[in-house]
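So that you can see what the record holds, here are the features copied from Swiss-Prot:
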BINDING   ARG22, GLU79, LYS119, LYS453  (6S)-5-formyl-5,6,7,8-tetrahydrofolate binding site
DOMAIN    215-376  domain 'TrmE-type G'
BINDING   225-230, 244-250, 269-272, 334-337  GTP binding site
BINDING   ASN225, THR244, ILE246, THR249  K(+) binding site
BINDING   SER229, THR250  Mg(2+) binding site
Amino acid sequence: MTTDTIVAQATALGRGGVGIIRVSGPLAAHVAQTVTGRTLRPRYAEYLPFTDEDGQQLDQGIALFFPNPHSFTGEDVLELQGHGGPVVMDMLIRRILQIKGVRPARPGEFSERAFLNDKMDLTQAEAIADLIDASSEQAAKSALQSLQGEFSKRIHTLVESLIHLRIYVEAAIDFPEEEIDFLADGKVSADLQTIIDNLAAVRREANQGAIMREGMKVVIAGRPNAGKSSLLNALSGKESAIVTDIAGTTRDVLREHIHIDGMPLHIIDTAGLRDASDAVEKIGIERAWEEIRQADRVLFMVDGTTTEATDPQDIWPDFVDKLPENIGITVIRNKADQTGEPLGICHVNQPTLIRLSAKTGQGVDALRQHLKECMGFSGNQEGGFMARRRHLDALERAAEHLAIGQQQLEGYMAGEILAEELRIAQQHLNEITGEFSSDDLLGRIFSSFCIGK
């Protein structure tokens, strides 16, 4: 438990009808007595004057006192709800800081104390920041699911399954004299496969949750005059890029942040790829390749009037060979209004082919639907949770160790190695909820929060 008391403004900085100051720590009741002149009843809203050290009134408003452990942080908490002007808020905070033993809160310190006092786990604490920063209704719903413990429940279920399997495996190791070979009886193999399958399902949902939080990066790439800028405008619904018949009009990277049924996408238009002699155009092409290498998916724009080919290897093998491994690619045959080709998704094998007209907008809805399906997302889904990059990394490492354990079990009946791999996998899963986390990791997470959270 901490011994110091912290204070910060819990509402956003700036002018507002109401401003809230939050105090947490062992001196919260003393602060309430000092500022209001009253001993506050627990969990009662009382309308009182807030005074300075000379008894002069600074403001008046509602005071709320929450004794530990029944508070957000698990400590004694005081909230003063006054008028939301920055001057009034500043005067009240300076008044509270005059009380010995009270200091300003660090960013995220209230949530950090809630975590340290077991009021929430790490995924729930992170969900507070994600809910505040949500850029769409769907993102807010997903963050709320995480805050309510949906992600944590999935992780705890996996951990409990691992614990039970570890007990069984380690018992088989500790009692080798038993006539029954526990490792070979099929139960261990079946239980391990079930855990691997359940982890894979959580990873799929977590990947989707990470996209909901961070957005999917989609890069439009191709030769000059293929219609890349027209497609950016069609997807964004506005004239973001200049469109002309002159090859090489786009010389720099253009970005638009859009939502498709609540799914955030970062759409990036790039310079036409070719052997350029112009120095400025060369820089634009270099930047285009930088964006391509970092993309979640590349939309390979093809001028449908210049070729009938649909396989990217036939259209431009040098371009395909330069793409990073495992990057998603969708072939877009543009200018269907001129070629008369059937619109929409033509085949869903790798890579998917879509025929459209960026100029008229025909077929663009099929592309929007395709982008959602690429990430396994449906705007009508409920119950999804928010995830962060560190969660994905921990889930991936856990899956890797389970796979190693499975190989050792099936190939060598190596119970000791399996037990160790199960232990490491459990440790990685515990990192997600904070049951096993370094102080450095906690510091990085909570330092990104708002001051009063």
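Including glycine, each Cβ sits where the backbone N, Cα and C put it.
SER229 (Mg(2+) binding site) has none of the binding-site residues GLU79, LYS119, LYS335 nearby, counting only those with a Cα within 10 angstroms of its own Cα. Each residue contributes its Cα atom, and for ALA271 (GTP binding site) and LYS119 ((6S)-5-formyl-5,6,7,8-tetrahydrofolate binding site) these two points are 51 Å apart. On a Cα basis, LYS228 (GTP binding site) lies 50 Å away from LYS119 ((6S)-5-formyl-5,6,7,8-tetrahydrofolate binding site).
Taken residue by residue with DSSP, LYS228 (GTP binding site) is part of a helix. Using CA atoms as reference points, the binding-site residues ASN225, LYS228, LYS335 were checked against GLU79 ((6S)-5-formyl-5,6,7,8-tetrahydrofolate binding site), and the closest is LYS228. Taking ASN225, LYS228, LYS335 as the binding-site residues under consideration, the smallest Cα distance to ARG22 ((6S)-5-formyl-5,6,7,8-tetrahydrofolate binding site) is found for LYS228.
Between the binding-site residues ARG22, LYS119, the minimum number of other C-beta atoms within 10 Å of a residue's C-beta occurs at LYS119. Summary: among the binding-site residues (LYS228, LYS335), the fewest other C-beta atoms within 10 A of the C-beta are counted at LYS335.
The Cβ neighbour count for GLU79 ((6S)-5-formyl-5,6,7,8-tetrahydrofolate binding site), using a 10 Å radius over every protein chain in view, is 21. Cβ neighbour density within 10 Å is lowest for ASN225 among the binding-site residues ASN225, SER229, ALA271.
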